[in-house]
């Protein structure tokens with residue numbers, strides 16, 4: 001699942017991706033944030049205590065840093081891990097697997113456990129030794145236990161999507177669904193195997209399915225892909241195989257908690273245009289303990305990575321912890337009326353592998369207009385439906401340490417995000433291009449044919465994206481004042497770029513150009529220079545502005561710098577100088593042999609140094 005929670009360490013962000021992806025730590029190594037995001041998303045932590053509330057020398061240094069970065073990425077991300085029998089175990093002390101578990105294991109046991117961990121991204125060794133029917137703590141708000149539900153509710157088909165999942169994890173997902181869903185409500189379970197190469201998911205899984213179906217004929221269906229289609233198209237495959245009035249689309253590394261189904265089916269029975277997400281808790285990847293997560297809505301940033309949000313103010317005012325939480329988007333696992341899902345266009349099967357489809361669905365439902373509709377409502381919010389998170393429906397989900405699903409997740413998410421932007425986001429599509437640091441014209445990225453999706457939007461009579469931002473996602477920060485963006489380079493040393501430096505400091509630096517988030521620069525019509533991430537919501541204070549502080553360049557939170565009337569306005573024209581309006585000092589490079597790349601940023605009397613930025617949207621007037 002893709003949703004983030006904010007941290008303030010050198011490991012700057014962890015992103016959780018839906019479906020067959022998982023948790024990836026976005027590492028800022030050697031002052032470089034490797035922005036290869038994948039499944040929890042940069043986001044505001046919901047309130048935890050209230051559930052309601054010289055050239056050779058330079059080259060060698062670069063190589064050393066890149067080598068270190070590569071090693072970290074291999075350990076933490078491992079885009080394409082070897083099979084269990086092929087994986088070479090790292091030194092035990094280097095693996096996060098043994099930080100809180102496994103000290104009592106023999107060396108051989110640790111070796112086996114580590115091989116499986118490298119392959120699956122979670123502790124399959126431990127999972128194989130846990131009962132399939134293990135109990136879970138009831139983490140629902142206390143009021144949920146007193147709720148009553150209609151006797152007559154629609155049946156549900158539960159769909160599990162997987163590729164190379166550990167068999168015990170998959171079986172525990174199935175078992176918990178069967179044990180904790182009332183039998184009269186659970187019509188069937190559908191397993192979508194996206195072309196797994198793991199042999200135990202063939203013969204052994206077939207034996208299990210045959211055993212269950214021997215007692216309940218046809219209860220478990222298996223859909224096997226002949227090639228890997230990716231999470232998005234796998235979900236659609238599962239929907240096509242489903243026959244119940246309601247379809248629940250889930251990852252295959254979850255465990256259902258007691259009473260999860262009745263609240264969901266009740267809300268859909270009341271209004272079939274509701275798309276529902278349960279509230280998620282965490283199954284820790286190392287020791288499989290259940291970690292309670294605060295209640296949260298689900299949103300996204302301008303790269304369209306999912307992120308957890310604090311519930312809206314209107315929800316807090318209810319003072320009712322059992323009330324549904326209105327949510328701008330979905331993180332990936334959701335429950336939907338089967339026919340309604342088809343009416344609004346399912347998922348965009350022109351997307352690749354993973355990412356963006358959950359955001360697209362949430363926006364689409366929101367923008368659909370009710371006017372003139374017979375059977376086809378628009379994209380959930382824009383198109384007449386709604387998205388809710390239910391506090392009384394709780395499901396635990398494994399956040400993997402790394403994912404086995406794709407070698408380049410970021411490229412897929414970026415491409416999919418641009419499809420969403422071009423179809424649904426109107427003039428705000430520029431924000432997606434800016435966040436990804438991509439030219440808005442001739443981006444060089446083939447997003448495929450979007451004709452059918454544009455026709456769908458027209459057919460569904462969806463509202464504008466501006467309406468969505470104002471009415472559904474008012475927390476989303478708008479950046480209509482940005483007139484230039486990209487990386488900022490000085491003519492004196494063009495292989496170095498302005499960089500935000502370590503997260504823990506406020507001193508900008510110059511660093512070898514890599515084009516990732518720490519080097520993103522945004523120049524506004526009010527002559528401010530933002531460096532680093534585009535803060536997604538108005539509640540975040542992540543935006544940092546370049547400021548002249550006692551003749552030294554510093555990065556200060558923009559809102560604070562403005563309130564304190566600091567020197568944060570800069571005259572800049574493409575190929576010209578960057579001069580502070582008040583102090584008249586220029587941002588320049590100065591040779592310094594003590595610095596890593598031989599140069600440092602200074603503010604001094606202008607000497608004629610020239611700066612260029614990658615993308616200019618409007619004329620820059622100095």
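Every residue, even glycine, has its Cβ placed from backbone N, Cα and C.
Site annotation (Swiss-Prot, ligand Mn(2+)) includes 251, 253; from 100, 175, 397, 402, the additional listed residue is 397. Note: the domain 'Ricin B-type lectin' (484-614) comprises 9 helix, 62 strand, 60 coil (DSSP; helix = H, G, I, strand = E, B). Nearest in space to residue 462 (disulfide bond), taking C-alpha to C-alpha distance over the recorded positions 146, 392, 545, is 392. Geometry remark: residue 397 (Mn(2+) binding site) versus residue 194 (substrate binding site), CA distance 19 Å.
A gap of 40 Å separates the Cα atoms of residue 545 (disulfide bond) and residue 251 (Mn(2+) binding site). Burial estimate for the glycosylation sites (146, 320): highest at 320, by number of other CB atoms within 10 Å. Shown in sequence order, 528, 530, 543, 544, 545, 568 are the residues of the chain, 6+ apart in sequence, with a C-beta less than 8 angstroms from the C-beta of residue 558 (disulfide bond).
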